[in-house]
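As given in TrEMBL:
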{"type": "DOMAIN", "residues": "6-105", "note": "domain 'Cadherin'"}
{"type": "DOMAIN", "residues": "106-214", "note": "domain 'Cadherin'"}
{"type": "DOMAIN", "residues": "215-322", "note": "domain 'Cadherin'"}
{"type": "DOMAIN", "residues": "323-427", "note": "domain 'Cadherin'"}
{"type": "DOMAIN", "residues": "428-539", "note": "domain 'Cadherin'"}
{"type": "DOMAIN", "residues": "546-664", "note": "domain 'Cadherin'"}
{"type": "TRANSMEM", "residues": "664-688", "note": "transmembrane segment"}
Amino acid sequence: AQIRYSIPEELTRGAFVGNIAKDLGTDVAKLAAANLQVLSDSDSQYFSVNVNTGVIMVSERIDREQLCGQNPRCFLHLKLAIENPVEFYRIEVEILDINDNPPEFPSEEVSLRIYELASLGARFPIQPAQDPDVGTNTLQTYHLSANDNFNLNVKARTDGGKFPELVLERALDREFRAFHYLVLTAEDGGSPPQSSKIRITIQVLDANDNHPVFDRPSYGARLVENSPLGTLVVKLNATDVDEGPNGDIRYSLSSHNSAALRQIFAIDEQTGEIRVQGNLDFEEATVYEIEVEAKDMGSPTMEEHCSVVVEITDVNDNAPEVILTSFSSTLSEDALPGTVVAVIHVRDRDSGEQGKVLCHVSPDLPFQLRKDYEHQYSLLTSTRLDREHVAYYNVTVSASDLGNPPLSRHTILPITVIDVNDNAPQFEQASYEVLVAENNPVGSVLVTVSAADPDSEQNSRLSYSILRAGGTDPGLDPTRYLSIHPTNGQVTAKFPFDYEQTTYLQFHVEVSDGGSPALRNRTLVHVFVVDQNDNAPRVHFPRAGEDSATQFRISPSIVPPALITKVVAIDADSGRNAWLSYHLVEATDLGLFSVALRSGEVRIMRALQETDASAHELLVVVRDAGEPPLSTAVTLVVLVEEKGPEALQGSEARAADSGGLPTITLYLIVSLVLISTVSLVGLAALGIRCL
């Protein structure tokens, strides 16, 4: 026979299972006498029988889940054996499940990484909870904590398993919430139900769904022109709520910017600092508008744009410019005061007061500036010009602005004064005095007259000519004796001068320039002919032939120093060249006669003796004082004779004739002194004039 009992699991030791005696309809005493034994099919003895009462009791803890696992029905089988007679009874104890096990998840926490652009309806399975209980005590349902994005879907399998899934119902936004914290509760159907929870951490993976954002739509900066290279303009700040490469921002200048602007400004792609890398010139641009873009490193890249307006403040960095609208580099020296030489336009690229320009020229120059209007000046002559005083001007036009400090620019205008024939030639000397030695060579230069004309070029080209001086002897035509070179003023002699014929000559030299009309001037030239020793003394007495001698007779009783005769000579030269001296060179007896050095008187020096010769020959030389000296010789023969009255009378007659000789000599000496005095006075006057 088979007996079935049902007991819940986890009964305590000694718990009642059933009364075998009652159920078998057997007396309890009989069971005890029959040696009742309980045999189990398992290794463990979960039950025992009280033979005195016939009650089957729990002897060990019974865990249905351990015994049967997930089988919906769990049985333990016992065998009862009795003797006399031997009988076997099969007892089947069904172990009923109790809700002693809550559902358990594999872990207390699970993490999910979900792309923030995941599609709506996407499912994300969660490892299910396990409940070893069966029937209604096993896992029945799941509950998800309240949230905005996910719903719970429980997927049931044919084996009765239930698998939870998170279903995306609302789009994720990592930038709004990067992490979602959910609680999933698994609950069984026991009474009371048991449950367990698992924490679900959902990390929303970033998608590049946000573009960078600048902290302001536009930026403004103000810089001074000519700011140094590297000057910070502005520091941009853009943020991207994405993360990782999607939020990593790189700055750059937009391609919309001109190439010129890119040469002036540079941006640091990491920091967003815009700095000056070129020259800032207010005069080229007063405002720069820089287009900047910020890009993230996501894929695809997202970008944002902003503008930076940079205002340039003007500084006085531009010197004024001087522009010649009209300019004449040459100016006639007879130009009237007020003549316009140049029209000047000035400008300054700076602004405001720094762009206002004032011009001036040196007050020491014969020029002045007249302001025509705001930016135009005219350069005028202020006085008459004189090329001979200043032939060339460098007129410096100074233009200065009103900046602080002021800047200036100097422009030099070279002005050449054109000559006008307004100056007559001028001789170096008002008159010239020339000493010319007679017998000068033909063509020799007597004097060079020199004139100067301060004019230039054709107006200063001079031409010389000789004119007769007023008051001169009409027979002395200077052009007959002299000629002059027309360009260098050299006066040359056509013939040698002869002092004995011409001692003085004067004439005018006229010089004229090459201007139109020509201007002229004159100078007076005095020519003094200087005597040369070119004439030998000429003996006038005694007269004798070329090879003959003059005889004189004396008495033997003549008393010394009696005058025998007197040699008289003259010299056509003048001055020292006409100073004569007489010398006794040869004589029969040199001690008997003497000749006076200056007068030429021949005298006997001692009384005649009987031993003396009766005839004496004397050689008298007349020599002038020139250099070299010239001389003439005369031979005298003195005869010693006793004469009659006639002879003596002849001698006296000669003596009487010779009595007039001293008067002639006196005239010669006076003439020589006068000529010498005039010459000395002329030389002195010439020396004083030269000084």
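Note that the numbers count up from 1, one per residue, in the order the chain is shown.
Cβ coordinates come from backbone N, Cα and C, glycine included.
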Residues in the domain 'Cadherin' (323-427) grouped by DSSP into helix, strand and remaining coil:
4 helix, 56 strand, 45 coil
Taking a Cβ cut-off under 8 Å, which residues six or more beyond the ends of the transmembrane segment (664-688) line up next to it in the same chain?
433, 435, 528, 568, 570, 574-575, 578-579, 599
Summarise the model confidence on the domain 'Cadherin' (6-105) as a single mean pLDDT, whole number.
81
